[in-house]
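A short write-up of the structure that comes next.
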2 protein chains.
Amino acid sequence: MKALKERIIKDGIIREGNVLKVDSFLNHQLDIELFEKMGEEFKRRFEGEKITKILTIEASGIAIASIAARYFKVPVVFAKKTQTKNIAGDVYTSKVESFTHGKVYDIIVSKQFLTEKDSVLIIDDFLANGKALIGLAELVKESGATLVGAGIAIEKGFQVGGKLIRESGIRLESLAIIDEMSVEGGVVFR
Amino acid sequence: MKALKERIIKDGIIREGNVLKVDSFLNHQLDIELFEKMGEEFKRRFEGEKITKILTIEASGIAIASIAARYFKVPVVFAKKTQTKNIAGDVYTSKVESFTHGKVYDIIVSKQFLTEKDSVLIIDDFLANGKALIGLAELVKESGATLVGAGIAIEKGFQVGGKLIRESGIRLESLAIIDEMSVEGGVVFR
């Protein structure tokens with residue numbers, strides 16, 4: 001998606017260790033006009049698919065999912081991160097390993113809000129090692145709902161997540177896929 | 001706001017200890033159509049005010065703030081919760097005591113995204129003891145930005161937050177103020 005790629009080139013900051021900071025428009029300060037274009041593009045890519053719910057994960061996925069939901073006219077459900085040991089039986093849970101923080105945490109969704117009648121589109125801001133997305137897909141599976149696919153804003157194409165997800169048969173639509181990235185050379189899109 | 005009050009009566013669940021569960025439409029599953037009506041109402045209430053940014057706090061404030069931002073045509077900045085001991089000098093910080101979890105945590109906003117040139121509207125889903133809102137107002141003050149006011153979805157009018165905020169001179173617009181609440185008697189709005 002042209003507008004997003006241009007914005008990454010203009011305002012993304014590359015740091016050593018494959019870090020891409022996009023917090024001026026994507027995950028700390030949020031450019032809602034850009035999110036509207038992204039929402040429209042997700043709708044275009046998943047046109048004709050039956051979708052009853054958008055699933056995302058707190059915190060930075062929530063804004064993109066909420067704006068996208070306007071185009072799909074469905075509710076958003078966001079999975080909560082928790083490190084609580086005892087989780088009540090009325091939630092679906094899976095485990096996610098955080099790349100940034102090096103911790104394992106549980107993600108949970110109340111059973112009320114995902115059922116076998118749902119057709120789910122997962123939306124998130126970033127895809128790198130794929131752990132969050134795999135965790136979300138597991139929640140969908142556990143609920144008996146149909147997983148229609150996943151829409152991602154920025155995929156780090158040089159990390160393993162995208163490959164894992166595509167090979168598992170999940171339809172993955174990333175609006176910008178970065179194949180190479182360096183402080184000197186900038187960003188190369190697929 | 002009528003649509004929100006009706007929805008609280010229809011789908012809100014009251015539990016002992018002044019707990020109001022609205023997670024089927026406000027803070028776990030999100031009814032984006034309702035949020036659009038809320039965004040429009042915030043815009044109506046703050047009509048004519050100069051607003052350059054909407055500030056909220058993760059996680060459940062993000063969706064309401066993002067949808068509201070469409071009507072104000074401004075970016076959203078969300079404060080992050082952290083329990084990291086060492087916070088770098090490029091952020092504004094304040095402390096918030098959580099009513100639900102009984103913990104104190106820091107909230108941070110990057111200095112890049114709030115400056116003295118900004119006129120800020122704070123938006124959040126809930127107001128009870130006011131700690132989160134006071135913490136956000138402190139961040140705005142620290143940045144030198146102008147605080148235009150605060151827009152809240154549900155105010156628990158029987159708790160102290162609303163009174164504290166109004167007495168401090170901050171303009172507060174709550175879309176539904178609950179003055180009484182009990183498992184037997186239901187909800188009484190102001």
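Glycine is treated like the rest: Cβ placed from N, Cα and C.
From a predicted model like this one, the values you see are computed outputs, not experimental measurements.
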Listed in TrEMBL for the xanthine site shared with A:Leu20, A:Asn27, one of A:Lys156, A:Lys163: A:Lys156
Subset of binding-site residues (A:Leu20, A:Asn27, A:Lys156) lying within 10 A of A:Asn129 (5-phospho-alpha-D-ribose 1-diphosphate binding site), CA to CA, in sequence order: A:Lys156
PLDDT averaged over every residue in the domain 'Phosphoribosyltransferase' (A:45-157): 93
Residues within 8 Å of the A:Leu20, A:Asn27, A:Lys156 Cβ centre (excluding the xanthine site residues themselves): A:Gly12, A:Val19, A:Lys21, A:Val22, A:Leu26, A:Asp125, A:Phe126, A:Ala128, A:Ile154
A:Lys156 (xanthine binding site) and A:Ala132 (5-phospho-alpha-D-ribose 1-diphosphate binding site), distance between Cα atoms, whole Å: 14
Pairwise C-alpha maximum, in angstrom, for the residues (A:Leu20, A:Asn27, A:Lys156) that bind xanthine according to the record: 16
